[in-house]
């Protein structure tokens, strides 16, 4: 008998230990699900509704993630919503970026640490006023590819990408101890022409395979049967989006036609609206947003405020709409937190509304970050683009009988220089012409170093030029951002059609893909000798409206003896026209004060240095404010206040811009403006 007890004692101890452990695991099991009987979410078995705000980690530097998230929490939000831009993480096939500003896992973990839940929107298409709606440009290497469909080439790329991304997200799901409560599949698919349910089913299966059967998957579409017809799919919970101009009852009735039971959800309640170059800055009155938010919350609905902070389209990440209208660098969105993360009147008004329904955290709200006006900084001309081709295109040009697109020369963003020779004398001005929509998006034209003007997509398609037979014809073509919404997201860039000179097709092109990023980062002003006046002839003979595209460089030091520097600032461009600007190799984005409405660019403090002078590099594309005779006129100014909504915008040289290419949402009914988008 004692021997028997000795043998079974370990087993008895194991059973005693196992019982409490299993009970504890069941007691602490995390669950987030839909209770269809009570029309609500259940969080760990208790009724729950989220009040969320959109923040795009790709538009806010990592340096400021915690600051922005804390401000969102202190506003009374219990969740955030964010997109995952595919092209932000896989710039080239199989080359992934998940560190520093691209570290989405850290961003989500940080939200979790701060007590915020997450609504994740991993696409693969996201819209978001982001370059190509988040789809990587390299997909267009298959020229006939049908994006956002069951096209085999597209599905293969999507399957591979989601096979990388979603396993990273699975440990962050709520039921696995993380913050992610729901995951969106695709994005407003009902607004796309393809209406391919096989594609949606493929995504549904892929998401389930990688994330499991317990996670709540959902779709978002405009609150109208037209959009829900192709956007909703059985097995994915249907949600809607609408703004202050919509009838809330009608909007949620649209959702109810697809989801008779379950929580009411507005996945994008618009706190503001997007901007386009050459159009007035969009705003929505605080009172209208607050009133509509109150009405939504009074119905017991879950809601996401799009945007709560907009942020910045750094570098080349802005998108565009059709008819072609590119979005500016600022994505301020008239949101409750400004582009720079500052508290606004709208922030406090919405906090007060939320406080009527949910407990708002106590304690101090993180203040707006201080700004500093560093003043005027002189710049000098470094080199024209044409004089720097050995630096900008070290691998050499590509020869082609006819023009090639950016994708065909392995260039995704930025600039490509197209060069040929004039086949005939043009002593009298001869028309250089592109078919309508043949230049994507702007071409800066010169003949033998003499600026001739600009060809512009959908706008200027013919330019009269002069020159002798055999003269060098240069077109520096700029990608202004790929279309992010609608049927034309397969937006090829460059010279996408043949050009003609007096009706004769131009051939024998030499094409230079320009690596401006590496040139700026690697050289930062050390490009050998500067231009020494040998282009003065171009100044003398060119139209007064244009100069050759050229790089300019300047340096400034952070003042000593002032505590807490560096601080955020804004760079202003008095007298400059259009171009790209870098500080210490960081691509701030596009400036275009000649067109507006944005006149300043946000400069976050973390890119500035106190230990050494800071280097400003500018690529001015149209006209600098100085010449070799007046170099002191080349300057920028650092100010402590943004100007993103100039009241009057003028195109270069001096003509008013046609406004409202894409209407802002009216205050009455969003359904009407959706018909125009």
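Just so it is clear, glycine is given a Cβ too, placed from its N, Cα and C backbone atoms.
Record features (Swiss-Prot):
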{"type": "SIGNAL", "residues": "1-23", "note": "signal peptide"}
{"type": "CARBOHYD", "residues": "26", "note": "N-linked glycosylation site"}
{"type": "BINDING", "residues": "83, 129, 187, 333", "note": "substrate binding site"}
{"type": "ACT_SITE", "residues": "188", "note": "active site, proton donor"}
{"type": "DISULFID", "residues": "195-230", "note": "disulfide bond"}
{"type": "CARBOHYD", "residues": "247", "note": "N-linked glycosylation site"}
{"type": "CARBOHYD", "residues": "464", "note": "N-linked glycosylation site"}
{"type": "CARBOHYD", "residues": "498", "note": "N-linked glycosylation site"}
{"type": "CARBOHYD", "residues": "545", "note": "N-linked glycosylation site"}
{"type": "CARBOHYD", "residues": "555", "note": "N-linked glycosylation site"}
{"type": "DISULFID", "residues": "626-634", "note": "disulfide bond"}
{"type": "REGION", "residues": "654-677", "note": "region 'Disordered'"}
{"type": "COMPBIAS", "residues": "668-677", "note": "compositional bias 'Basic and acidic residues'"}
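Projection of Swiss-Prot feature records onto the structure.
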| residue | record | contacts (Cβ under 8 Å, 6+ apart) |
| --- | --- | --- |
| 83 | substrate binding site | 56, 58, 121, 122, 123, 126, 128, 130, 134, 187 |
| 129 | substrate binding site | 274, 313, 318, 319, 327, 331, 484, 485 |
| 188 | active site, proton donor | 127, 220, 221, 222, 227, 231, 241 |
| 195 | disulfide bond | 229, 230 |
| 464 | N-linked glycosylation site | 429, 430, 431, 432 |
| 626 | disulfide bond | 381, 575, 632, 633, 634 |
Practice prompt. Return the residue, from the listed recorded positions 187, 247, 498, 545, 555, with the maximum count of other C-beta atoms within 10 angstroms of its C-beta.
Written response: 187
Practice prompt. Could you find out if DSSP has residue 83 (substrate binding site) as helix, strand or coil?
Written response: strand
Worksheet item: residue 555 (N-linked glycosylation site) to residue 545 (N-linked glycosylation site): how many Å between their Cα atoms?
Response: 27
Discussion item. Give me the count of other Cβ atoms within 10 A of the Cβ belonging to residue 230 (disulfide bond).
Written reply: 18
Discussion item. For the substrate binding site, please report the maximum Cα-Cα distance among 83, 129, 187, 333 in Å.
Written reply: 19
Worksheet item: Under a three-state reduction of DSSP output, how is residue 247 (N-linked glycosylation site) classified: helix, strand, or coil?
Response: coil
Practice prompt. Could you tell me which of these recorded positions, 333, 634, has the greatest number of Cβ atoms within 10 Å of its own Cβ?
Written response: 333
Practice prompt. Fill in the CA-CA distance, residue 498 (N-linked glycosylation site) to residue 333 (substrate binding site), as an integer in Å.
Written response: 38
Worksheet, complete the sentence: Rounded Cα distance, in Å, between residue 545 (N-linked glycosylation site) and residue 333 (substrate binding site) is 32
Worksheet item: Which whole-number value in Å describes the distance between the Cα atoms of residue 333 (substrate binding site) and residue 247 (N-linked glycosylation site)?
Response: 22
